[in-house]
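Asks: Pasting in a structure now, in structure tokens, and then I'll have a few things to ask.
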Amino acid sequence: MPDVYFIRHGESAGNYAQVLQGSMDYPLTAHGQTQAEALGSYFRGIQFDTVIASDLLRASATAEALAGFQQVGISTDERLREVHLGVLEGKAREVIQNEFPDLIGRDLLTAEVEGAETKNDLTERCAWLYYKLTEEWKDKDQIAVVSHGGFITIFFMYLLAKDNWVSLQRSMRIDNTGVSRIHFRKDRASIQYINRITHLE
């Protein structure tokens, strides 16, 4: 069963502009590219069997920088995208608070606002990834999954509570290029660490 490294993308233009990105496609900033290169250099001693990433530019470019230090290609899948946030995408949090005061204090990833991805949609995506890691890729040793902060945290909640993940409070933070390592076994997953950014020091 594999050790899986869940990696958030480097700083994007949307991060820099401090807007809610969701499924909108923003490239890495120059700083984000530097972060991604540092990530790749840090992991040059680990040979990944598989590197899979969200197809959004900020994640796929981070994965390419990581794979550049590896003898492995990358694959992308739209099911690893950030949570789709409907009418909130591209807006700063201050704008959202003014335009949607009923959302103040709520978790925007699960508020199910107009046009946003539903909790059932997210559960299906999490179930797909879990099956991929524990069945389809169960004979692999090292896997890198390059995705987005919101989706990664929701997947971790799914690991804890499966379909009841929505009952949990989202409390963790994943920084740009933050790495979280989970070891999967046949019937359980063991968290080794969350949001390690040693490569940026």
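Positions of Cβ are set from backbone N, Cα and C atoms, glycine also.
Relevant sequence annotations retrieved from TrEMBL are reproduced here:
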ACT_SITE  His9  active site, tele-phosphohistidine intermediate
ACT_SITE  Glu82  active site, proton donor/acceptor
BINDING   Arg8, His9, Gly10, Glu11, Ser12, Ala13, Gly14, Asn15, Arg58  substrate binding site
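Can you tell me where each of these features sits in this structure?
Replies: Taken residue by residue with DSSP, His9 (active site, tele-phosphohistidine intermediate) is part of neither helix nor strand, so it is coil. Proximity of His9 (active site, tele-phosphohistidine intermediate) to non-local residues of its own chain (separation of 6 or more, Cβ distance below 8 Å) is seen for Leu28, Gly32, Ala36, Ser54, Leu56, Arg58, Ala59, Ala61, Thr62, Val146, Ser147, His148, Asn176, Thr177, given in sequence order.
Taken residue by residue with DSSP, Glu82 (active site, proton donor/acceptor) is part of neither helix nor strand, so it is coil. Of all Cβ atoms in the shown protein chains, 26 besides its own fall within 10 Å of the Cβ of Glu82 (active site, proton donor/acceptor).
Neighbour count (other Cβ atoms within 10 Å of the Cβ, all protein chains): 29 for Arg58 (substrate binding site).
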Asks: Could you state the CA-to-CA distance between Glu82 (active site, proton donor/acceptor) and Arg8 (substrate binding site) to the nearest Å?
Replies: 10
Asks: Among the binding-site residues Gly10, Gly14, which residue has its Cβ surrounded by the fewest other Cβ atoms within 10 Å?
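Replies: Relative to the other binding-site residues in Gly10, Gly14, Gly14 has the fewest Cβ atoms within 10 Å.
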Asks: Centre the Cβ atoms of Arg8, His9, Gly10, Glu11, Ser12, Ala13, Gly14, Asn15, Arg58, go out 8 Å, and tell me which other residues of that chain have a Cβ in range of the substrate site.
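Replies: Nearby residues not in the site list: Tyr16, Gln21, Tyr26, Leu28, Thr29, Gly32, Asn176.
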Asks: Tell me the Cβ neighbour count for Ser12 (substrate binding site), meaning other Cβ atoms within 10 Å of its Cβ, over all protein chains shown.
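Replies: Result for Ser12 (substrate binding site): 26 other Cβ atoms within 10 Å.
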